Amino acid sequence: MNPNQKIITIGSVSLTIATVCFLMQIAILATTVTLHFKQHKCDSPASNQVMPCEPIIIERNITEIVYLNNTTIEKEICPEVVEYRNWSKPQCQITGFAPFSKDNSIRLSAGGDIWVTREPYVSCDPGKCYQFALGQGTTLDNKHSNGTIHDRIPHRTLLMNELGVPFHLGTKQVCVAWSSSSCHDGKAWLHVCVTGDDRNATASFIYDGRLVDSIGSWSQNILRTQESECVCINGTCTVVMTDGSASGRADTRILFIKEGKIVHIGPLSGSAQHIEECSCYPRYPDVRCICRDNWKGSNRPVIDINMEDYSIDSSYVCSGLVGDTPRNDDSSSNSNCRDPNNERGNPGVKGWAFDNGDDVWMGRTISKDLRSGYETFKVIGGWSTPNSKSQVNRQVIVDNNNWSGYSGIFSVEGKSCINRCFYVELIRGRPQETRVWWTSNSIVVFCGTSGTYGTGSWPDGANINFMPI
């Protein structure tokens, strides 16, 4: 083969190889582009059912990176379906309560910018717990804190922080409110926020960050609500509201709300005579509330709310060891399950209890006269037997040498059961501590445990002499 033929042969082979390589590169490029764009659409399932992903050509931001033969392929991951909460798991069986959180707001106020608050509570979304309180529109080390013993001013707002984070200057003000309730339906937060004139207040219903509905005062006498979490089952939330006398007959109504819109309002029925500041918890498929009778009884009213047909019944906790303050000595206190006991019914304090079969777990101040100290215990037969007084599993949360205040319940869904937790408001300043001109609080939080536990006392802990006046 002469030199010219060799050159032609080598050139032909090289051209053939180059052509094959070029075609392979085109094929690889086409495959890569096809895999990149041929992703999957996750259709919104009907009736909250999980549906398979259908193929569609679409760009998404949610991607998973897979390395295959040095080629980067992006494919969509179908997002998890968000469902309404139904609280259908059983209640956890507990032996008592263990410490969970404490925010130390008053101690921190001695040297930092912390909001003046009262009426705190705790509520959780499916992944995290938050603390709420009604702020007074001022920090503690601020002349505006003078006179914050007053409950209802137009500057009060509902504050919301992750549980354990004190209400610092960066805290979100969720709404304008001097009375409130909040709950998460599994998809978004609902906030019920009451503000305005005593004789003509407004309740705003804020869902997923938007004002959806409102209702005005129906008795022109301080429309007010729970000061703790509401409860949502299968997308419908319920909240208890009262308008009328704080020491006489009032008009209590139970509101049912769907994604912020009022869908039904029911009047209180049953034997409860006066309802204030209910502490509610899910008791699937219904909701149960333990409230404050500020008129006739130191035994606590119970409201049972049927979430399917909106029917309502009420009664009183059977335990003869009653939960309100002030109250009679335990040896002379009574409850017949149906009626107020007419024992030191006025004024009262917000509190909680929850049923456990025939028994009842409850918390109350240690003092029968003042908002000082705090204890929890179980009363055997306290849910079913009139005037039952057999107390077990008593724990001191705050010793009787320190101030307490309101308390309330919140529920946390675990893997196999629903746990009950509670918070205690630790009030400092006026009216008891007159060296200062302000009134504010910190909180301590406990949750039910099936384990063992020790003893202690968890007061606010601030030295009033270190505090701004």
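Cβ coordinates are placed from backbone N, Cα and C, and glycine is handled just like the others.
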- Message: ASP293, GLY297 show up in Swiss-Prot as binding Ca(2+); which entry in ASP309, ASP313, ASP324 does that record put in the same site?
- Response: ASP324
- Swiss-Prot has ARG118, ARG152, GLU276, GLU277, ARG371 down as binding substrate; which of ARG107, ARG288, ARG292, ARG300 does it also list for that site? ARG292
- CYS291 (disulfide bond) -> DSSP, reduced to three states, gives strand
- Note on the structure: Residues near ASN146 (N-linked glycosylation site) by Cβ (under 8 Å) yet at least 6 apart in sequence within the same chain, in sequence order, are TRP437, TRP438
- For the disulfide-bonded residues listed here (CYS232, CYS289, CYS337, CYS417), which one has the lowest count of neighbouring CB atoms within 10 Å of its own CB? CYS417
- Which listed residue (CYS92, CYS280, CYS318) has most other Cβ within 10 Å, given these are disulfide-bonded residues: CYS280
- Message: Can you give me the Cα-Cα distance between CYS230 (disulfide bond) and CYS421 (disulfide bond) in Å, rounded to a whole number?
- Response: 14
- Message: Within its own chain, what residues at least 6 apart in sequence put their Cβ under 8 Å from the Cβ of ASN402 (N-linked glycosylation site), listed in sequence order?
- Response: SER372, GLY373, LEU426, SER457, PRO459, ASP460
